[in-house]
Amino acid sequence: WLKPVIPALWEAETGGSRARSHRDAVCHPDLQDHACGPQCLGVTILKMIEEVGAIISTWHCNSQNRDRCVATLARVEHTDFLWPMCISEVAHISAEITYTSKHSVEVQVNVMSENILTGTKKLTNKATLWYVPLSLKNVDKVLEVPPVVYSRQEQEEEGRKRYKTQKLERMETKWRNQDVVQPVLNPEPNTVSYSQSSLIHLVGPSDCTLHSFVHEGVTMKLTDKVVGIVAARHCKTNLVTASVNAINFHDKIRKDCIKTISGRMAFTSNKSVEIEVLVDANSVADSSQKRYRAANEGGSLPMPQRLPETQDEKKRFEEGKGRYLPMKAKWQGHLEPQP
């Protein structure tokens, strides 16, 4: 369940011109949201993060008298899972609008876990999300975002740099939209083909918003399932999510579309594996609409080494290694005791 904290909601709703609007939420994970062990599934945490981000972004984008809109998730930046959240712990999610461009909102979210028996609190997750406001009258129309007032000029400059960086990364993933995960008969163990997996899902009314488009949290839940299958096939053991590199939502997915979610290994170290996920959609009712890439994700999970076979697999391996080494150094910095 999701319980809003009223004072924080009031600040978020009325602080449209502030850079530090925030919202706190408290939730108690349901037993059906846990993995094989006592931890909550990573996608459960991601879904809560996305819901809080969507609320504060929608409030901000409707803070001025203009066309009413709803904020839609466009990108999830690198998300760290610093500590696992266990069943019976309470999650506190706080969100803050840290930058706005003409057509997008950057929201930074922190998740704290609290043991209700001991009162111990830990920072479990940090995430950055980007939203765009879509008009309620025409969901294909992106509206302008009200500006925020920054307490320091450096905040706006830093936010502009982050905006340009994520925009370039989204463009790069669009260039790779022709990538296809092809099945291979009788693949060798520990190869990319051996563990790659796909899931086909028919989009129904329960998956969609009021405008008959798939909720981004539904897509993330399906990608998490595919990631778990790929990792389990390769590792043959229990797994936990360590981080999500990025999730890009390139296009809306409509009701009655068929979604194909495909996952494959990109890189392995001694203790972790990076898995790339591609989400494609094609319409059942409209035969004129071609298949399109709706989203893609790169996630890391805690390993036998993968064996790159083709040139593309070797290239993805080297790219994954380049992402892994800085992330490993960052993680070691988090885990070292602070003076």
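Every residue gets a Cβ built from N, Cα and C, even glycine.
TrEMBL: automatically predicted annotations, no manual curation.
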Ranges in play 248-293, 294-339, with TrEMBL marking region 'Disordered' at 294-339
Rounded mean pLDDT within the domain 'HotDog ACOT-type' (193-308) lands at 79
Across the compositional bias 'Basic and acidic residues' (309-322), DSSP yields 12 helix, 0 strand, 2 coil
